[in-house]
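Report on the following structure.
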Amino acid sequence: MTKLSVNINKLATLRNSRGGNVPNLITSAQDIESFGAQGITIHPRPDERHIRYQDARDLKKVVTTEYNIEGNPIPSFIDLVLEVRPTQVTLVPDAEDAITSNAGWDTLKHKDFLVDVIKTFKANGIRTSIFVDPNVEMVKGAAETGTDRIELYTESFAHLYDQGKTKESIQPFIDAANMAHEVGLGINAGHDLSLDNIKFFKEHIPHLLEVSIGHALICESIYLGIENVINMYLNKLK
Ligand SMILES: CC(=O)[C@@H](O)[C@H](O)COP(=O)(O)O
Ligand SMILES: NCC(=O)COP(=O)(O)O
């Protein structure tokens, strides 16, 4: 079975746009779990443009499924994760000015750094995952860091799949997943996965433990829920 971890960054984006507490991240996370999601993912960025460091602490008190915190392991992020102790930390090499995550780790170039950080998290009982492109050399390099899992960066899959290039979209991910399994790494995946592409991805990727989905899932929720909500307003306005 592949677990679904819902990334709630976008709910925080909405909340922050009005300065209040709507939507409430705590009750949203609880509801998302009660609807069957098997995990909650957040990605606090240094500018706190969506998830704030305090959200990470507050969510720890209520999340009862798998709690996954993603981010670039700068000192403040490392301290936060060690304080909060989520189920899993996913290390992502974000540039500060990037709109969203846009690359996986070069696990060969950053091996020593990753080895150190991963050792620290694992010594504190936190499972580790590192974000990588679908590249067998990067997967082999990931295994050398001591990480428990990798998260395959699926943007290229989503983009090519959307263009109808199905074989081209999935083959690097099949190769990377097979290599990860061979070297004993657990396999997660995420970025731009959606209702359109998730079934195809799941059917082709062996040993897929978990997907984290945020942007599309929240957009789909708005779109698929809007008819219902408009009718609820119309009923109240009769
Ligand atoms: C690590 C990753 O793939 C990202 O998709 C991420 O967690 C989303 O971050 P934003 O919500 O800031 O775009
Ligand atoms: N790790 C990927 C994630 O949490 C969500 O990515 P996206 O669905 O917002 O692109």
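For all residues, glycine too, the Cβ spot is worked out from N, Cα and C.
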Of the candidates N7, N228, which does TrEMBL annotate as part of the 3-amino-2-oxopropyl phosphate site that also includes R18, D192, G214, H215? N7
If I go by TrEMBL, which of T2, T90, T100 binds 1-deoxy-D-xylulose 5-phosphate at the same site as R45, H50? T100
Can you count the other CB atoms that lie within 10 A of the CB of N7 (3-amino-2-oxopropyl phosphate binding site)? 25
Cβ within 8 Å of the 1-deoxy-D-xylulose 5-phosphate site's Cβ centroid: which residues qualify beyond R45, H50, T100? N9, T13, H43, R49, I51, I99
For the recorded positions R18, E70, T100, D192, which residues place their CB under 6 A from an atom of ligand 1? E70, T100
If you check the recorded positions R18, H50, H191, D192, G214 one by one, which have a CB less than 6 Å away from any atom of ligand 2? H191, D192, G214
R18 (3-amino-2-oxopropyl phosphate binding site) - helix vs strand vs coil (DSSP): helix
Please give the greatest C-alpha separation between any two of the 1-deoxy-D-xylulose 5-phosphate-binding residues R45, H50, T100, in angstrom, as a whole number. 12
